[in-house]
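**Q** From Swiss-Prot, here are the annotated features:
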| type | residues | note |
| --- | --- | --- |
| BINDING | 28-35, 94-98, 148-151 | GTP binding site |
| DOMAIN | 19-260 | domain 'tr-type G' |
| MOD_RES | H597 | diphthamide |
Amino acid sequence: MTRRKKMVERVTELMDKPDRIRNIGIVAHIDHGKTTLSDNLLAGAGMISEELAGRQLFMDSDEEEQARGITIDASNVSMVHTYGGEEYLINMIDTPGHVDFGGDVTRAMRAVDGAVVVVDAVEGTMPQTETVLRQALKEGVRPVLFINKVDRLVNELKVDEQEMQIRLAKVIDKVNKLIKGMNEKMYNDGWKLDAAKGTVAFGSALYNWAVSVPFMKSSGVSFKDVFEKCNAGDMKWLSKNSPLHAVLLDMVVKHLPNPLQAQDRRIHIIWHGDYNTPEGKAMVACDPNGPVCMMVTDISFDPHAGEVATGRLFSGTLRRGTECYIIGAAKRANRLAQVGIFMGAERIEVEALPAGNIAAVTGLKDAIVGSTVTSLIEMTPFESLKHYSEPVMTVAVEAKSMKDLPKLVEVLRQIAKEDPTVQVSINEETGEHLISGMGELHLEIITGRIKRDKGVDILTSPPIVVYRETITGSVGPVEGKSPNRHNRFYIELEPMDPAIVKMILDGEISMNQQAIERRDALVAAGMDKDEAKNVKAIEATNMFIDMTKGIQYLNETMELVLDGWREALRGGPLADELVQNLKIRLVDVKLHEDAIHRGPAQVIPAVRSAVKAGVLMAGDSLLEPIQKIQITVPSEQMGAATSQIQGRRGQVFDMLSEGDTMTIVGKAPVAELFGFAGDIRSATEGRAMWSTEFAGFELVPAGIVNDVVKDIRKRKGLKEQIPRPDDYLA
């Protein structure tokens, strides 16, 4: 029997035993060694040959990933590990570390219950370490720590044995500080990392060895051995006497929760329905006999089988032919064609897959990433996936030849389905297709894939920055009249309270919640009680509140009112960019009694023009995306590095020195960061390590805002003159 076939048999035997399953993600800052670690774990479990591990990049199955040497998508694989004489099924997802692919990390964290956080012993915690850790804790995913590249401390920094231990302890302290700062309750509930308890391991993924305190006690390998063997370059001895996969997977099995333990805690974080319903009880208990409840965390395209939806199954059992509904899509049943699990790029079919596993299924035509899939016709959907960064750059793409246009439209639809951090839209005026993404690299990869995988030749524009609009003052009531003059809507506008905006972004307030729960959360955040109980809709970080009382026909017209409001948010009056942080109160309405005179063609334009006019009256302002920058350089290069930030309308707000290196933390607008990579390299003679991460939107400075608005309007083919409120209300 082949090694692979044997592995598949062992995997399928363990699927029905949730207490023997561990769903884990491997997360880290870029280049801290996640994929090398994943490969060596697979080799240890007998999935790929040991010689190739670490160089095979089994998890990086995409050509682009292998060529660039970075992970772009999250990859799944199932394997078996023996611990204490028992076999355990480990479903592992390797995630990208580059800031532009943070969306993949968010999605992976929904599917898993535990995370191995990988940190480079020399570089320590970096911005992306912080981001991935925050995402894990937010999803209720328990972390353990692997400090990688320990050999570099000895061979490159030439530290002695005592200094090595001090440095490793510092990394643990830093990660614990992050956990405590992000969620003190979890930290106090035993999520604090502790080398003595075995929730931390040290080693080298590349050279295939690791140690942990419990392993040292049982095997007799000591820190002294580690130091001496690293010093002598004898990695073979270390990998033979303390193999990476044994130490790490032992830690995973012993300290990370199984689906039964995890779901009891996590369901309350990721699902806000009624816990006394059949689906609520089944998910908390991880019950294979309950209704099917699955959350789609990834969609990929298989040339033979079509769309493959991967996701975490929280209750029920999936079989071929199972009829499922996708909440929020058309009310038609999708029949599962194939049910399976992933082994790297390969999909292995299975007869049945019970709750607690990560499933790969075909046949869910209506699903997108983030969909709730269930055998019930109706259920409260899972909380939507909250991404920590937002699209900050856009490129326009067009097909080189007209005959490829239908194919391009289809490919863009597919990309929007596969990667929810990408926004695809069509510029109605020019007919261009616009793709918005997380950064230059993200857009480069997407446009490259359109050409390579999908075979469509395209032309792309240089990247453009994504702006937003918001208001700085309050105004109202503003009157919006329908074209036939028979319907009138009166609205008041004011900026959203920043505390409530944060709660919306963190997923603590949403329209999926029970109304009472939402009202109480808003009142606790300082909102007026009457407003809090009349929230009709939340769109991005905008809120619509109905403060009217007993107006005839309004109930049946409300959906059209909200459509008009949403249309106005899609393009503000200043630069036709998305509007954010806007609170609108509907305070009075006069409607024609005849339904034919208050249809969509009357109501939608009336509300839309009132909102746009109100936004102008309340001080419409332009916001630009900002990135946090962290640069680590030798001390003598500090001046060159800080001037790179300050010369780009940036600010430096922290400088930390450790030994002879300096870490500079600052922020700068995305618009000024084009070409930053090349400039920082040449300014510091290639000795800088840097990383960026999304840090929200800020007002464009008054001195340049008019020029920026003019440029955007010109690019979009809009009139140069900014409209006045009367243009909308006339």
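Placement of Cβ uses the backbone N, Cα and C atoms for every residue, glycine included.
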**Q** Cα-Cα separation of V150 (GTP binding site) and H597 (diphthamide), in Å?
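**A** For V150 (GTP binding site) versus H597 (diphthamide), the Cα atoms are 74 Å apart.
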**Q** Please report the three-state DSSP label of A28 (GTP binding site).
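**A** DSSP assigns A28 (GTP binding site) to strand.
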**Q** Given the binding-site residues A28, V150, which one is most crowded in terms of C-beta atoms within 10 angstroms?
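**A** Highest number of other Cβ atoms within 10 Å: A28.
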**Q** Across all chains shown, how many C-beta atoms besides its own are within 10 angstroms of the C-beta of the residue listed as 'diphthamide'?
**A** 14
**Q** Cα distance, H597 (diphthamide) to A28 (GTP binding site), nearest Å?
**A** 58
**Q** On the 0 to 100 scale, where does the mean pLDDT of the domain 'tr-type G' (19-260) fall?
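**A** A mean pLDDT of 81 is what the model gives the domain 'tr-type G' (19-260).
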**Q** Would you identify the secondary structure of V150 (GTP binding site) according to DSSP, in three states?
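**A** V150 (GTP binding site) sits in a helix per DSSP.
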